[in-house]
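I have placed the structure first, in the form of structure tokens, so that the comments after it can refer back to it.
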């Protein structure tokens, strides 16, 4: 019996020693495993939060640039084009101030969109939308500078200024509208979401603006034709 106890005692001590050494290690590894799982879950939640925040910033950036390039800039161009039919008076001043205010707001909103893109987005400039946007930001501020340096009517440099100001304004409008479409395309590629409704709405809006822009001179021509026909019907030959 003593011999059996003597043989079992080392084995029992070995088991107890292994329990003392191994169990803390197993417990520690299990806790680390749980912590790693929690860390992965936290990272997933963090990625979800960042992507949700990034989605909001992308939409806000698109809305700001649409308001600037797709609405206020064309509105100012329509206003100044309509003022060409007014020789003097209150309506001429109103249209001129509509043009100035809309262009200033367009400049401020597009600048806010540019600051947002530089601060929050990956500006590697490896696509057409970012490159065209960078060129637009420079041209917009150049156009604002030409607006501030507007010569008086009848001065020597008025004709050259008018040509440059009108050329820059037309270029900004066309490139801005193109960049809205490229922005919608970039949004679709990044989020895989449908852009068809927004494309249809934007196309309808641009078509309406272009129709009003082109129809102004035609409407004046139609009115003059009616007056001429009326005079011819009344005047005897």
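Any Cβ shown, glycine's included, is placed from N, Cα and C.
Listed ranges 195-215, 216-236; the one TrEMBL annotates as transmembrane segment is 195-215. Looking at 43-62, 63-82, the range tied to transmembrane segment in TrEMBL is 63-82. Of the ranges 63-82, 94-118, 195-215, the one with the most Cβ pairs under 8 Å to the transmembrane segment (161-183) is 63-82.
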